[in-house]
Amino acid sequence: MKTDTIAAIATGLSNAGISIVRISGDQAFAVIDKIFQTKSKAKRLSEMDSHTVHYGYIVDEEEIIDEVMVIIMRAPRSYTMEDSIEIDCHGGITVTKKVLEAVLKAGARIAEPGEFTKRAFLNGRIDLSQAEAVIDVIHANNELALKNSMKQLKGNVLHKVKDVRHSIILDTAYIEAALDDPEHISLEGFSDKLRDNVIGSIKELSELINTSENGRMIKEGIRTVILGRPNAGKSSLLNLMVGEERAIVTEIAGTTRDTIEETVFLNGLCLNLIDTAGIRETSDLVEKLGVEKSLKSAKEADLIICVIDASTPLNQDDKEILEFIKDRKAIVLLNKSDLDSVIEEEKINLLTNKPILKISAIDQTGIKDLEQTITEMFFEGNISFNDEIYITNMRHKNALVEAKVSLEQVIVSIENEMPEDFFSIDLMNAYEILGTIIGESVDEDLVNTIFKEFCMGK
């Protein structure tokens with residue numbers, strides 16, 4: 001690991017109130033002493049107590065660059081567990097760059113992307129899953145994603161994985177000890193105990209794996225396709241949910257010929273709304289391509305909102321759409337409830353078992369019922385999180401699945417009365433795989449790949 005002193009701008013480079021230039025490494029105080037000056041020219045910062053804030057100026061050969069506040073943190077009580085300095089300067093682009101240039105001129109080098117967090121990981125302050133949570137916190141685009149990332153940052157995934165690994169290593173150690181010293185340590189009856197322990201570990205891993213689909217939707221949003229025949233009111237519904245005229249609305253059927261995507265936030269959930277071309281038989285080549293794209297989007301959706309014009313009788317297009325959504329997560333909306341309805345809910349019920357709601361995109365009625373129904377369809381209506389952690393990282397999910405497969409092989413070996421050393425092979429394989437999640441058994445290339453995704457200064 002590189003132990004030289006690094007520096008970078010930790011905030012977005014723009015005209016703002018303040019910017020932060022971060023320094024970390026064993027020469028951090030030597031660097032700041034060269035460029036920081038107080039009005040009274042009092043003691044150097046290297047002589048000050050840790051976790052204190054100091055007012056003064058950043059200078060370059062006696063020329064004042066900026067008026068700043070400097071925070072000093074001595075190792076190991078810092079983010080990187082190294083001597084660290086944070087310079088709060090004015091937020092202009094030019095002045096921030098000049099401050100960084102002074103820091104580099106004084107002996108620091110520019111940090112690589114994610115190098116501060118990488119040092120926090122390599123120095124043992126956080127594990128690899130927590131390091132990955134840092135970037136998830138930064139990129140979180142909704143409240144639930146932020147809450148889940150913070151739980152991971154606090155070590156929830158770490159603790160669950162460590163508990164399973166601890167159980168595995170205890171069983172492995174006992175087997176190895178018994179094989180080395182059979183006169184004093186007996187394996188008689190151990191298979192039953194091992195089976196119970198492994199089944200418990202498989203259950204723990206399965207529970208984590210089963211959260212990954214909801215985890216994906218928390219992180220990326222619920223892919224929600226608005227489907228229906230032309231002029232059913234799909235674009236009006238999109239505009240209503242988005243809160244602005246995002247899609248063109250006319251009385252001419254087939255106005256929307258391509259998908260339109262927008263993101264809305266609903267009770268902490270992120271919905272990626274997709275307005276699609278109306279579904280109908282058509283000879284128009286462009287419209288036909290739009291219909292095909294609509295159906296493709298619907299097949300990939302987490303949720304389909306099927307919009308039916310309640311002011312006109314059901315036609316064959318409506319019936320085919322209802323058949324299409326039969327085995328998918330969907331809601332049926334009877335739109336244009338402001339007009340006289342000619343469709344009976346009982347007839348719709350015969351064609352689908354999906355929730356049916358009345359709505360008027362024009363009068364903006366029924367939207368609250370729609371929002372409540374969507375909330376209830378995901379996370380069992382409970383999105384307060386409590387103590388649950390959702391797996392949002394595909395690397396973590398794949399490792400959990402691989403570890404589970406190895407543990408299931410242990411059960412197979414027990415049932416087939418295989419020699420005990422066979423148990424150890426699969427147990428240790430699961431142990432090592434789980435170690436890749438928290439960084440206890442991971443190669444350098446993977447670590448470097450993960451941290452390259454970070455921004456400069458983090």
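From the backbone N, Cα and C atoms, a Cβ is placed for every residue, glycine too.
The C-beta environment of ARG125 ((6S)-5-formyl-5,6,7,8-tetrahydrofolate binding site), restricted to residues of the same chain at least 6 apart in sequence and closer than 8 Å, consists of PRO76, TYR79, THR80, MET81. Under the DSSP three-state reduction, ARG125 ((6S)-5-formyl-5,6,7,8-tetrahydrofolate binding site) is assigned to coil, being neither helix nor strand. What Swiss-Prot records for ARG22, GLU86, ARG125, LYS458 is (6S)-5-formyl-5,6,7,8-tetrahydrofolate binding site, and it gives sequence analysis as the kind of evidence.
According to its DSSP assignment, ASN231 (K(+) binding site) is coil. If you look up Swiss-Prot, you'll see ASN231, THR250, ILE252, THR255 marked as K(+) binding site, on the strength of sequence analysis.
DSSP gives ALA277 (GTP binding site) a coil state; it is part of no helix or strand. Among the features that Swiss-Prot reports, GTP binding site is placed at 231-236, 250-256, 275-278.
Feature annotation from Swiss-Prot assigns Mg(2+) binding site to SER235, THR256. Taking the Cβ of SER235 (Mg(2+) binding site) as centre and 10 Å as the limit, one finds 24 other Cβ atoms among all the protein chains shown.
Annotated domain 'TrmE-type G' per Swiss-Prot: 221-379, in sequence order.
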Summarise the model confidence on the domain 'TrmE-type G' (221-379) as a single mean pLDDT, whole number. 80
Rounded distance in angstrom between the Cα atoms of ARG22 ((6S)-5-formyl-5,6,7,8-tetrahydrofolate binding site) and SER235 (Mg(2+) binding site): 48
GLU86 ((6S)-5-formyl-5,6,7,8-tetrahydrofolate binding site) and ALA277 (GTP binding site), compared by Cα position, are separated in whole Å by 53
SER235 (Mg(2+) binding site) and LYS458 ((6S)-5-formyl-5,6,7,8-tetrahydrofolate binding site), compared by Cα position, are separated in whole Å by 41
Hey, what's the Cβ neighbour count for ARG22 ((6S)-5-formyl-5,6,7,8-tetrahydrofolate binding site) at 10 Å? 26
